[in-house]
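Report on one structure; see the data block that follows.
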Amino acid sequence: MWDRCIRRFSDYIIKMLPEVVFVLGAPGAGKGTQCSLISKEFGFVHLSAGDLLREERQRPGSEYGEMIEEKIRNGEIVPVEVTCSLIHNAIQKSGKTRFLIDGFPRNKNNLEGWERVMADKTKLLFVLFFECSRDICTERCLNRGAAGSGRSDDNLESLKKRFNTYLNDTMPIINHYDEQGLVRRVNAEVSPEEVFNDVKKIFKGLD
Ligand code: C5P
Ligand code: MG
């Protein structure tokens, strides 16, 4: 009797937890573009780890501003304590229940930090992985830079470093989730509309 009660109560608590989709892929794979489309059509809140870090970098009086800028320019990953607390605050502030966490977890430190403080406060639905070749991604980022993205890392030198970080540090995280059957792959080499057609099939299957 008690067992059943406790089980029901824990099922209820799990249902109430904020639901999270991690969105990963190489720089320029189209994570941000697709996340805006998903958030419009399926009502998820789009939280980009990169955008949150860029915002924190600009915040007057931030003690992390310089460190963040240096890491971003060098394509390195900011320590998880900073990133995770920005994500945590954004989740709490939104008052919403479903989130796309774009560009996170990017390395082992990100993953361990999340598991330490957030994993039991959220429910991970799956990891959306945008697959795109290095050449196409590089071209997109360079075009984005040329079109005035204003990003200090949309240049060839930073891109080389961002790709190394992606291959060495992010791919193992994707493989880690793949082993748990949590990765949903999408071909991101086609147009945004075509990519979104595949993405929609994944989100429509949710409920
Ligand atoms: O995802 P996005 O391309 O906007 O990330 C830009 C940069 O922000 C990354 O190259 C990295 O320096 C930083 N970042 C990070 N940790 C994350 C996501 C982004 O340090 N989880
Ligand atoms: Mg982005």
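Placement of Cβ uses the backbone N, Cα and C atoms for every residue, glycine included.
Curation plays no part in TrEMBL annotations; they are all automatic predictions.
Binding of ATP is attributed by TrEMBL to Gly28, Ala29, Gly30, Lys31, Gly32, Thr33, Arg144, and the same site annotation extends, among Val78, Val183, Val190, to Val190.
Taking CA atoms as the reference points, Lys31 (ATP binding site) and Asn110 (CMP binding site) are 18 Å apart. Across the fold, the C-alpha of Gly103 (ribonucleoside 5'-phosphate binding site) and the C-alpha of Val190 (ATP binding site) stand 20 Å from each other. Using a 10 Å Cβ-Cβ cutoff, Gly28 (ATP binding site) registers 24 neighbours.
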